[in-house]
Every structure is written in C-alpha cells, then in structure tokens.
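A.B. asks: Here it is: the structure, laid out below.
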Amino acid sequence: MRRELAIEFSRVTEAAALAGYKWLGRGDKNTADGAAVNAMRIMLNQVNIDGTIVIGEGEIDEAPMLFIGEKVGTGRGDAVDIAVDPIEGTRMTAMGQANALAVLAVGDKGCFLNAPDMYMEKLIVGPGAKGSIDLNLSLEANLRNIAAALNKPLSELTVTILAKPRHDDVIAEMTKLGVRVFAIPDGDVAASILTCMPDSEVDVLYGIGGAPEGVVSAAVIRALDGDMQGRLLARHDVKGDSEENRRIGEQELARCTAMGIEAGKALRLDEMARSDNVIFSATGITKGDLLEGISRKGNIATTETLLIRGKSRTIRRIQSIHYLDRKDPDVQAHIL
C-alpha cells in the first residue's frame with residue numbers, strides 16, 4: 001500500500017468529522033451519522049484505490065450506510081480492505097459530549113477479521129505489556145500479569161472500561177483489587193489507542209463492546225506495537241436471555257459459522273489484524289483525551305487528525321484549517 005495514500009485517508013476522516021459536527025448537540029444521532037457516512041463515501045470514491053468495506057455501518061440492504069462488501073475508490077490502484085466508523089460516538093455527537101471521532105483503518109486485502117456486527121469482549125494493552133494477556137485466564141490473573149509486565153503494583157494500574165450496566169460487577173471486582181478504573185460512557189476505539197500513547201495514564205482497556213470497533217482497534221493497536229485479544233459474544237450472552245435476544249444471538253452465531261469464525265474463542269491480535277501494513281486515521285469531532293475537537297467560525301473550521309502508518313510506525317498529528325465554501329460541492333452539501 002503506497003504511503004502517499006495516508007494523507008488521502010486523513011482527508012476522508014476530516015470530511016466525515018466536519019459533516020458530523022454540523023449536527024453537534026442537535027439530539028439526532030442518526031442524522032449526524034448519515035451525514036458523516038455520506039461525506040466519507042464521497043471522499044473515499046475520489047481516492048485511487050480498489051477498496052472494499054469489510055467493517056462498515058450495515059448490510060447491503062441497509063443503504064445509504066457504508067455497507068459490508070461495498071466497493072469504494074476509483075477502482076485504480078492498490079486493492080485494499082477498509083474498516084470504517086464514520087462517527088465513533090454518535091450519541092456523544094448528538095449530545096455535544098466529549099471524545100467523538102471519525103475513524104478509518106485501511107489494510108491489504110484479507111488483512112482484517114470480517115467480524116459480524118455483534119458484541120466482542122476486548123482486552124488491550126500497550127507495548128510494555130505485550131505478550132502478557134490471555135482471555136482464557138481470569139480478569140484478575142490478567143491484571144496481575146499486566147502489572148508485573150509493567151513493573152508496577154495493581155494499585156498503580158489504570159483500566160478504562162465502558163460505563164455500562166453489564167460491567168457493574170467487573171468494575172466492582174477491579175475496584176476491590178485496588179485497580180484505578182476510568183469508566184467512560186462510549187468510545188472504546190479512542191480509549192484503546194490511549195493504552196499505546198506514552199503520555200497517557202491508561203494501561204489497559206477491558207470490557208464488552210462492538211466487534212466492528214474491536215477490529216478497528218486491532219488495526220491501530222497492531223500499528224502501534226501494542227497487544228489485544230478479543231472474543232465474539234452472542235447478544236443473549238451479553239444482554240440477557242430473553243426471547244428477542246436469543247433470536248438475534250442465534251442469527252449472529254449462524255453468521256459466525258457461515259464466515260468460518262468461532263464465537264467464544266479467544267482471538268489473538270494477528271487473527272484480527274493480519275499485517276502491519278495498515279493506515280489508521282481519526283479526526284476529532286468533539287474535544288477528547290486523544291484529539292482536539294472541531295472549532296468553527298463561519299465558513300472556517302479547524303480539525304485535528306491522528307494519522308498512523310503501521311509499516312513505518314509513523315504517528316502524525318495534523319492540524320488543518322478548512323475553508324468550507326471551497327470544498328468539493330458534493331461534500332459542501334453535508335458540511336455547510
């Protein structure tokens with residue numbers, strides 16, 4: 001994959017972020033997400049790639065979302081697989097809350113796990129604890145192994161987890177162990193990246209979230225030399241064994257079987273992101289721990305983008321000024 005594509009992909013997440021920002025604080029997460037999807041598609045289709053969406057916003061019958069299997073790009077250039085999350089944190093965007101991002105990961109064909117849209121248990125650490133995690137062990141055993149790898153006591157270990165009812169018992173267990181817990185409302189892709197940032201307090205991300213976001217996290221964690229394991233979980237194993245959850249869960253398990261994926265198995269990082277040759281781009285929509293949010297005055301907006309090229313392990317932070325009325329007319333419709 002040509003390295004000059006990196007700047008093209010940063011333009012894609014910038015456009016998606018600007019489109020999402022237009023709906024900031026307006027209480028309509030679906031419209032915000034739709035605007036970001038449309039802007040992302042327009043920009044992707046201008047890039048000289050033969051791209052396929054492998055982690056997207058829905059199935060082929062759920063257009064206008066960027067659906068799994070959708071072809072993007074001009075059709076000329078490198079054949080690549082793409083994992084997208086046009087807005088990671090649609091609710092945060094709708095409510096004007098922190099840590100909303102537009103996210104994209106691109107890899108060689110066959111690079112990413114083609115995970116169904118279901119739940120995934122995730123355990124993520126930075127380079128210092130690489131090789132110390134195993135989802136087949138208990139959470140306590142993992143935390144002790146991570147602390148030992150980092151040469152710190154449990155009391156100095158910081159774990160980020162989504163503040164969801166399904167995690168109440170886990171949070172209580174970690175607190176009892178003396179671990180410092182940061183419970184966040186949404187946004188586990190951003191939190192996963194923080195495990196690999198030298199200036200971050202976060203040592204570990206643990207918890208159950210979306211499998212598509214898990215694959216995006218795997219791409220960037222591999223690029224940053226961290227470590228991750230994941231386990232696909234059916235809906236009824238996470239949300240409770242109601243008739244509806246069981247019905248959906250059985251459909252998820254059937255999809256796993258059809259795709260040759262074993263639900264419940266601990267997946268290694270190299271099974272979710274099979275190559276270092278990945279490009280990851282994330283643009284902040286709202287200010288957060290990882291990136292600054294968009295600032296806009298009239299038709300001028302500023303963005304901050306994190307751009308990572310895994311092959312060279314180059315990390316760039318790009319601050320851009322955008323004259324929105326000079327953008328591509330098709331994009332203007334979604335950002336002005």
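Using the three backbone atoms N, Cα and C, a Cβ is placed for every residue, glycine included.
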A.B. asks: The substrate site in TrEMBL lists GLU88, GLY89, THR90, TYR119, LYS164, PRO165, ARG166, ASP186, GLY187, ASP188. Which one of GLY69, GLY73, GLY210 belongs there according to the record?
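C.D. replies: Record source TrEMBL; matching candidate: GLY210.
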A.B. asks: Going by the Mn(2+) 2 site in TrEMBL, where ASP85, GLU88 are listed, which of the candidates GLU173, GLU201, GLU213 is also part of it?
C.D. replies: GLU213
A.B. asks: Are there any residues in the same chain, six or more apart in sequence, whose C-beta is under 8 angstroms from the C-beta of LYS164 (substrate binding site), and if so which?
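C.D. replies: The answer is GLY207, ILE208.
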A.B. asks: According to DSSP, folded down to helix, strand and coil, what is GLY210 (substrate binding site)?
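C.D. replies: Assignment for GLY210 (substrate binding site) reads strand.
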A.B. asks: Measuring Cα to Cα, tell me the gap between GLU88 (Mn(2+) 2 binding site) and ARG166 (substrate binding site) in whole angstrom.
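C.D. replies: Spelling it out, the Cα of GLU88 (Mn(2+) 2 binding site) and the Cα of ARG166 (substrate binding site) are 20 Å apart.
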A.B. asks: Over the residue list GLU88, GLY89, THR90, TYR119, LYS164, PRO165, ARG166, ASP186, GLY187, ASP188, GLY210, recorded for substrate, what is the maximum interresidue Cα distance in Å?
C.D. replies: 20
A.B. asks: Restricting to the binding-site residues ARG166, GLY187, GLY210, which ones have a CA within 10 Å of the CA of ASP85 (Mn(2+) 2 binding site)?
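C.D. replies: Within 10 Å of ASP85 (Mn(2+) 2 binding site): none of them.
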A.B. asks: Say you check the Cα of ASP33 (Mn(2+) 1 binding site) against those of the binding-site residues THR90, ARG166, GLY187, GLY210; which is nearest?
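C.D. replies: Comparing Cα positions, the candidate nearest ASP33 (Mn(2+) 1 binding site) turns out to be THR90.
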A.B. asks: Compile a sequence-ordered list of residues in the same chain as THR90 (substrate binding site), six or more apart from it, whose Cβ lies below 8 A from its Cβ; state 'none' when nothing qualifies.
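C.D. replies: Counting only residues 6 or more apart in sequence, the Cβ neighbours of THR90 (substrate binding site) under 8 Å are LYS29, ASN30, ALA32, ASP33, ALA100.
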